[in-house]
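Structure record follows, encoded as C-alpha cells.
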Amino acid sequence: MENMDDTSGSSFEDMGELHQRLREEEVDADAAAAEEEDGEFLGMKGFKGQLSRQVADQMWQAGKRQASRAFSLYANIDILRPYFDVEPAQVRSRLLESMIPIKMVNFPQKIAGELYGPLMLVFTLVAILLHGMKTSDTIIREGTLMGTAIGTCFGYWLGVSSFIYFLAYLCNAQITMLQMLALLGYGLFGHCIVLFITYNIHLHALFYLFWLLVGGLSTLRMVAVLVSRTVGPTQRLLLCGTLAALHMLFLLYLHFAYHKVVEGILDTLEGPNIPPMQRVPRDIPAALPAARIPATLLNATAKAVAVTLQSH
C-alpha cells in the first residue's frame with residue numbers, strides 16, 4: 001500500500017510538472033509572437049527613418065555641390081583679377097608708349113601683362129564705329145549696329161592675336177598669348193584716334209595723313225617689340241611683315257569698306273530698305289456738263305482732302 005501511495009504521489013507530481021511546462025511554453029510562444037509583431041512595427045518604422053535619412057543626405061549633397069560650384073566660380077574670377085588689376089596712371093602711360101616706337105631691339109622688350117587697357121580700347125573702337133555709321137549716309141537698321149561692330153572689333157583682336165601667336169610659335173619668338181593680346185590691344189589706340197577724327201572731318205587727304213603718321217607709329221611700336229623677341233632675319237620679316245600688313249589694312253577697311261560691307265550683308269539678309277509708297281492726288285478730268293459743279297472746284301477739294309490725310 002505504501003508502494004502504491006508513493007507511485008500515485010510521484011504520478012501527480014509528474015502531471016503538475018508537465019502542466020507547468022506546457023504553460024511556460026505557451027507563455028514563451030505568446031512572448032515570441034509579441035516580439036515578432038513589435039519587430040515588424042519597428043521594421044516599418046526603421047524603413048521610413050532610413051528613407052528620410054537618405055532624402056536628407058541627398059539634399060545635403062546637392063546643396064554642397066551648389067556651394068562648391070559657386071566657390072569655384074568665384075575662384076575662377078579671382079584667377080582673372082590680376083589681369084585687370086591696374087592703375088589708371090599705368091594705363092595712361094601705356095597708351096602714350098604705344099605711339100612711341102622703341103630703338104633698342106637687341107634684348108626683349110617688356111610687354112604689359114594686363115587686359116584692362118586693351119579691352120577698353122576695343123570697346124572704344126566699337127563706340128567709334130557706331131558713331132561713324134550714325135553720322136554717315138549709310139541706311140542701316142538700329143538693331144544690327146551694336147552686334148556688327150562688336151563682332152568686327154573683337155574678331156580682329158582675338159583672331160589676329162591668335163594668328164600672330166601661331167606664327168610667333170613657328171618663328172620661335174619669345175611671346176605668350178597674353179602678351180600678344182595686350183600688344184595688339186594697345187596697338188588699337190592709333191586706330192581709335194584716326195577713326196574718331198576722320199569720321200567727323202570727311203577729308204580723304206586728312207585720313208591718309210593720319211593713317212601714315214598715327215597708324216604707322218602704333219604699328220612700328222608693335223613691330224619693334226616683336227623684332228626684339230624674335231631671332232633670325234627671315235623669322236623677323238615674316239612675323240613683323242604679317243602683323244604690319246594686317247594692322248594697316250584693317251584701318252583702311254574700317255574707314256572705307258566697313259559701312260558698305262555691312263549694308264550689303266544686311267540687304268542680302270533682310271532685303272533692300274525701300275521707302276514706303278506715297279499717294280499723289282490726281283486731277284479729275286473736266287468731262288462734266290456745264291450745269292454741274294465745275295471741275296476746278298472738284299480738283300481743289302480732292303487735293304485738300306489728300307493733304308489732310310497725309311498730314312494725319
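We number each residue from 1, going along the chain as drawn.
Keep in mind that glycine also has a Cβ here, set from the backbone N, Cα and C atoms.
Annotated compositional bias 'Polar residues' per TrEMBL: 1-11, in sequence order.
Feature annotation from TrEMBL assigns compositional bias 'Acidic residues' to 25-37.
As annotated by TrEMBL, region 'Disordered' applies to 1-37.
Marked as transmembrane segment by TrEMBL: 115-133 (among others).
Residues annotated as transmembrane segment in TrEMBL: 145-168 (among others). Sequence-distant neighbours of the transmembrane segment (145-168) (same chain, 6+ residues past either end, Cβ-Cβ under 8 Å): 118, 122-123, 125-126, 129-130, 133-134, 175-177, 180-181, 184-185, 188, 226, 229-230, 238-239, 242-243, 246-247, 250, 254, 258, 262.
Annotation comment: TrEMBL describes 180-199 (among others) as transmembrane segment.
The transmembrane segment annotation in TrEMBL covers 205-225 (among others).
Panel annotation: around the transmembrane segment (237-258), residues 129, 152, 156, 160, 163-164, 167-168, 171, 173, 184, 187, 190-191, 194-195, 198, 207, 211, 215-216, 218-219, 222-223, 226-227, 230 of the same chain, lying at least six beyond its termini, place a Cβ under 8 Å from a Cβ of the stretch. Per TrEMBL, transmembrane segment is recorded for 237-258 (among others).
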